[in-house]
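K.L.:
The repeat 'WD' annotation in TrEMBL covers 79-120, 121-163, 164-205, 206-247, 248-289, 290-331, 332-373, 374-406.
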């Protein structure tokens, strides 16, 4: 593993870049007691009895934001996970465990610290493609397969609670709602379905797309879900009723990725038409088109604060946009092949990209400066993730291995 500094100094036009007077500087220099007392005036839930606890939490946040940012990651472990190719990797919230899906029809659960395989979840009759923990709890695992079924498993025992049947084609995406009461599955049969985890029953079928659904995402309150399709549209659905609320129409190519921001006010979409679009989540109105890539946009994401948007493209670059001004504030250039995955660390100051050039890279989110190159995989990297603390990274590659970086 090596890391290299980008020799070209870069400046940022981003008002959130951390100069004095901006949000990061402001919060690390704020009188916490005065701030919490100010918040209390407009928030009846913060009573006198919990005031000290809120002050303590804000102080911890302040300390976190003030921590040194340039942590250098080094290779901790290489795990030869499956005999056949990997499809996906995912952490639980703390990063203490992770799961891998594979063409070998299994999902495996791993202990991150020891690299030990804890169990193999077996029972699917085809490729296990989509996998997830029910974070933040992490006591359940969902697996979606090309065998058209989805299974719900116990993390602790490996028991299969339910097999959800009803799709007529491959399941390629899934997600738990934040309350961990529902599971959503998206399929090549053009539908998404909502399943009750307790009863093991289908709650709703989301009908409305005219082509395969390849992306879906709940908002943070869990009352809305979006589905992205090869029909060039993203649909916004009411989770309680299964009703279609909005069709986001404007892209001229297949949707690759779609996500809500944290406060549920915005939706970002990426498309094979080389653009990323920003939408009002409440009205479905188109807000902006974020252009600049010369090839397909393969992944998009918000930072946790919803202030910045990152895009990854087949043109080998990633970009960072300010969600407020809609301006491109940084271009992440250096990969030698397409970037299929992009994500912010939880703090939002760092971006991780995974590329077909066999490397993952870490970037300064404000300047686009390359902080580190994670090297060693023998084939393209298709998956990468931070744990919740942001101090551990997992990368999954077509070389059939996962690498854990600390």
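Numbers here mean position along the shown chain, with the first residue as 1.
Including glycine, each Cβ sits where the backbone N, Cα and C put it.
How about a rundown of where these features are and what they're close to?
P.N.:
Here the repeat 'WD' (79-120) is broken down by DSSP into helix, strand and coil counts: 0 helix, 24 strand, 18 coil.
Shown for the repeat 'WD' (121-163): DSSP residue counts in helix, strand and coil, namely 0 helix, 23 strand, 20 coil.
Residue counts for the repeat 'WD' (164-205) under DSSP (helix as H, G, I; strand as E, B; rest coil) come to 0 helix, 23 strand, 19 coil.
Through the fold, the repeat 'WD' (206-247) approaches residues 169, 172-179, 182, 184-194, 253-260, 262-264, 267, 269, 271, 273, 279, 281, 283-284 of its own chain, all at least 6 residues removed from its boundaries and within a Cβ separation under 8 Å.
Remote same-chain partners of the repeat 'WD' (248-289), defined as residues 6 or more beyond its termini with a Cβ less than 8 Å from a stretch Cβ, comprise 211, 214-221, 224, 226-236, 295-302, 304-306, 309, 311-313, 321, 323, 326.
Remote same-chain partners of the repeat 'WD' (290-331), defined as residues 6 or more beyond its termini with a Cβ less than 8 Å from a stretch Cβ, comprise 10, 12-17, 23, 253, 256-263, 265-266, 268-278, 337-344, 346-348, 351, 353, 355, 357, 363-368.
Sequence-distant contacts of the repeat 'WD' (374-406) (same chain, at least 6 residues past either end, Cβ-Cβ under 8 Å): 1-3, 71, 73-86, 88-91, 93-95, 98, 100, 110, 112, 115, 136, 337, 340-341, 343, 345-347, 350, 352-362.
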